[in-house]
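A short write-up of the structure that comes next.
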Amino acid sequence: MNSFPWLTIFVVLPISGGSLIFLFPHRGNKVIKWYTIFICIFELLLMTYAFSYYFQLDDPLIQLTEDYKWIQFFDFYWRLGIDGFSLGPILLTGFITTLATLAARPITRDSRLFHFLMLAMYSGQIGLFSSQDLLLFFIMWELELIPVYLLLSMWGGKKRLYSATKFILYTAGGSVFLLMGALGIALYGSNEPRFHFETSANQSYPVALEIFFYIGFLIAFAVKSPIIPLHTWLPDTHGEAHYSTCMLLAGILLKMGAYGLVRINMELLPHAHSIFSPWLIIVGVMQIIYAASTSPGQRNLKKRIAYSSVSHMGFIIIGICSISDMGLNGAILQIISHGFIGAALFFLAGTGYDRIRRVYLDEMGGMATSMPKIFTTFSILSLASLALPGMSGFFAELIVFFGIITGQKYLLMSKILITFVMAVGMILTPIYLLSMLRQMFYGYKLFNAPNSYFFDSGPRELFVSISILLPVIGIGFYPDFVFSLSVDRVEAILSNYFYR
């Protein structure tokens, strides 16, 4: 066990530092914002230092472990630890949260609460990615939902209460299945609950019971990922949310579902996962085609980007269910890649809204001449989203392809059919993304000039855009940076996959 509680500090620091915000004057908006940014940057630098000096990349085991008895009566432990799989999402969380806080224009209404909720969400996400205990995982899952609901319901569009209510109903419903699965695994074969991931991973279950547990966890993670048909909350939520909240939703929140699929469904329930994988691959392929076909019909800019997120999550599902080293590494790379690209697209959509006060694509047009910097960055990141070579999304989708082709689980004809349909989905992606660019930036201005503000990106917006664009290009040219974190852990997950 690690002698210094690094992970506990990373979990507690944002929410405890955020609690001090309520001591600030109510009208000190800039002070509150820069204080929040300071906490985010300090946390990110501290994580980078700790992981650089104390994390061994070639060790597939759980590192920086902490194991403290928290509640004596319930025999509940505070168990934290990270491996190569969780390291990437944790660093992504720190990076995107920092930029989302910087990206937000000054919030004039309840500024203290807004920034506190951003930091509380930060703590919940770090806690979830570093949890090594099923009950702690569930607590962090729920802790993260409360700030998201409040951010959605208090700041956003006219239908924000509807979208927030839809979000909480879907996610709370999924959480019931998550809790049932966690309690079922913990209480199986014992009168005392055993929530430790390591203990659960070494436990064998009757096939029918393992399938029952798997379905419960799958429903919870399918809502959050999202997986069709449990995705309908996502377009409404993104369509109404403040763009800083959208950055956190697209960049981090959706990745929690994919993380849970690997950490719990794949690691703890391998036999059930091998049974469900072919069916989930079919769902993933359908999701790519469905979302790519539905996206062009969306008038709302943020809803169109939201459907592109649903489509890209299909590649993650396929990579996870390929049950191959290459496929799972590709899924992890797609998690990181889409975290950057999705957050950036929603940020740029928000900057455009700040200027023209329009969200419907058929009311836009001709923005390229008056806002060339926004046009350039939006175009580059849209090309990254459609997997242009040299961008992170290209290698992520390509390696998922190779993972399916080289995997040993599926027959040749099945592989050919899956890759063909995936290729069709990739062909549809440029259609809705390039159409979106055409409607926004080309042609004549369709909106009223007196109500619009034709100034281009300022230093803050350029900094945020470039900060996200650099890792997208960097990973596109050197994907081994991400693979060096995950490859050993992926081998450990798959090493004895069918022999437990």
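Note: Cβ is positioned from N, Cα and C throughout, glycine not excepted.
Database features (Swiss-Prot):
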{"type": "TRANSMEM", "residues": "4-24", "note": "transmembrane segment"}
{"type": "TRANSMEM", "residues": "31-51", "note": "transmembrane segment"}
{"type": "TRANSMEM", "residues": "111-129", "note": "transmembrane segment"}
{"type": "TRANSMEM", "residues": "134-154", "note": "transmembrane segment"}
{"type": "TRANSMEM", "residues": "167-187", "note": "transmembrane segment"}
{"type": "TRANSMEM", "residues": "208-228", "note": "transmembrane segment"}
{"type": "TRANSMEM", "residues": "242-262", "note": "transmembrane segment"}
{"type": "TRANSMEM", "residues": "272-292", "note": "transmembrane segment"}
{"type": "TRANSMEM", "residues": "305-325", "note": "transmembrane segment"}
{"type": "TRANSMEM", "residues": "330-350", "note": "transmembrane segment"}
{"type": "TRANSMEM", "residues": "386-406", "note": "transmembrane segment"}
{"type": "TRANSMEM", "residues": "463-483", "note": "transmembrane segment"}
Chain residues in Cβ proximity to the transmembrane segment (167-187) (below 8 Å; excluding those fewer than six residues from its ends, i.e. six or more beyond): 134-135, 137-138, 141-142, 145, 148-149, 152, 193-195, 200, 203, 209, 212-213, 215-217, 219-224, 230, 232-233, 236-237, 264, 268
Recorded stretch, among 31-51, 208-228, 242-262, 386-406, maximising Cβ pairs under 8 Å relative to the transmembrane segment (134-154): 242-262
Contact call for the transmembrane segment (386-406) and the transmembrane segment (111-129): at least 3 Cβ pairs under 8 Å, seq gap 6+: no
Same-chain residue ranges lying at least 6 outside the transmembrane segment (111-129) that approach it to Cβ under 8 Å: 7, 10-15, 17-19, 21-22, 24, 26, 28-29, 32-33, 35-36, 39-40, 43, 80, 82, 86, 89-90, 93-94, 97, 100-101, 104, 136-137, 139-141, 143-144, 146-148, 150-151, 154-155, 244, 248, 252-253, 256, 259
Long-range environment of the transmembrane segment (4-24) - Cβ separation under 8 angstroms, sequence gap at least 6: 31-32, 35-36, 39-40, 42-43, 46-47, 50, 54, 64, 66, 78, 80-82, 90, 112, 115-116, 118-120, 122-123, 126-127, 130
Positions whose Cβ lies under 8 angstroms from the transmembrane segment (31-51), at least six residues beyond its ends: 6, 9-10, 13-14, 17-18, 21, 24-25, 64, 82, 87, 90-91, 94-95, 97-98, 101-102, 104, 106-107, 111-112, 115, 118-119, 122
Chain residues in Cβ proximity to the transmembrane segment (305-325) (below 8 Å; excluding those fewer than six residues from its ends, i.e. six or more beyond): 225-228, 231, 234-235, 237-239, 250, 254, 258, 261-262, 266, 273-274, 276-278, 280-281, 283-288, 290-292, 294-295, 298, 331-332, 334-335, 338, 342, 345-346, 349, 385, 393, 396-397, 399-400, 403-404, 406-409, 418, 422, 425, 429, 432-433, 436, 487, 490-491, 494, 497
